[in-house]
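Visitor: The structure's right below; bear with me while I get my questions together.
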Amino acid sequence: MENKKKKAVVVFSGGQDSTTCLFWALKTFDEVATVTFDYGQRHAEEIECAKEIAEQLGVSFRVLDMTLLNQLTESALTREEIAVKDGENGELPSTFVPGRNQLFLSFAAVYAKQIGARHLVTGVCETDYSGYPDCRDVFIKSLNVTLNLAMDDQFVIHTPLMWLDKAETWKLADELGALDFVREKTLTCYHGIRGDGCGECPACMLRRRGLELYLAEKEGDRA
């Protein structure tokens, strides 16, 4: 495989998407490290979940302090007094944190350079997402160029989920032998509940719909 004997850094939150990407990276690269960001998210459970998953999968885990984001912007992901809701009339969801993926990938690249890794893996997706502008493919491609110019390096940002909807993301996890692991051990819920979550927030509903659709399609293929 082309990427074998290469080292990768996975931007890791312990959620469904980044955990699926971690399994993908473990199949794709020889050495994998994870980096998680503490940006003042409303449930610290996310960081603990990411740490536990990294330990179970035997990959290095590092937390970087990005709490300054909470000083610069207000979001439902960082402020408990802000309700979690989808965007309406073209507005962004209340969970959008401006600049988050740009900063996370930039700092991940600095860390990658330090440990000799040239591959960055992130779970952003433009197909079945909440409308975040920093999840778009055009942004990732632009940032990839910027990072290489800024650090005079040849980083490659991998986005295994970019063109997958949630059902297809579950399918990928299943193909990687990780469906049950992802379903039971990850944290997607905006209210900090692991596994199937609260079932009511936008993240849980998207995750559940995708899983139900994939399982129905899988059962149909068996019939």
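Positions of Cβ are set from backbone N, Cα and C atoms, glycine also.
What Swiss-Prot shows for this protein is this:
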{"type": "BINDING", "residues": "PHE12, SER13, GLY14, GLY15, GLN16, ASP17, SER18, THR19, THR20, CYS21, LEU22", "note": "ATP binding site"}
{"type": "BINDING", "residues": "CYS189, CYS198, CYS201, CYS204", "note": "Zn(2+) binding site"}
Visitor: Provide, as an integer number of angstrom, the distance between the C-alpha atoms of SER18 (ATP binding site) and CYS201 (Zn(2+) binding site).
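Guide: Cα of SER18 (ATP binding site) to Cα of CYS201 (Zn(2+) binding site) measures 19 Å after rounding.
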Visitor: Please work out which residue of LEU22, CYS201 has the most C-beta neighbours within 10 angstroms of its C-beta, and give that one of the binding-site residues.
Guide: LEU22
Visitor: Sort the binding-site residues PHE12, GLN16, THR20, LEU22 by C-alpha distance from CYS198 (Zn(2+) binding site) and give me just the closest.
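Guide: Nearest listed residue in space: GLN16.
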Visitor: About how far apart, in whole Å, are the alpha carbons (Cα) of THR20 (ATP binding site) and CYS201 (Zn(2+) binding site)?
Guide: 21
Visitor: For the binding-site residues listed here (CYS189, CYS204), tell me which residue's CB has the most neighbouring CB atoms inside 10 Å.
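Guide: Sorting the candidates by Cβ neighbours within 10 Å, the top entry is CYS189.
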Visitor: For SER18 (ATP binding site), just give me the three-state DSSP call.
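Guide: Its secondary structure by DSSP: helix.
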Visitor: Report the same-chain neighbours of GLN16 (ATP binding site): residues 6+ apart in sequence with Cβ closer than 8 Å to its Cβ, ordered by sequence.
Guide: THR169, ALA173, VAL182, THR186, THR188, ARG207
Visitor: Tell me the Cα distance separating CYS189 (Zn(2+) binding site) from PHE12 (ATP binding site), rounded to the nearest angstrom.
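Guide: About 15 Å separates the two Cα atoms.
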Visitor: Output, ordered by sequence, the same-chain residues six or more apart from GLY14 (ATP binding site) with a CB under 8 Å from its CB, or 'none'.
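Guide: THR36, GLU46, ILE47, CYS49, ALA50, LYS51, GLU52, ILE53, THR186, LEU187 - these are the non-local Cβ neighbours of GLY14 (ATP binding site), listed in sequence order.
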Visitor: Which chain neighbours of the ATP site, leaving out PHE12, SER13, GLY14, GLY15, GLN16, ASP17, SER18, THR19, THR20, CYS21, LEU22, have a Cβ atom within 8 Å of the mean position of the site's Cβ atoms?
Guide: VAL10, ALA50, ILE53, GLY123, THR186
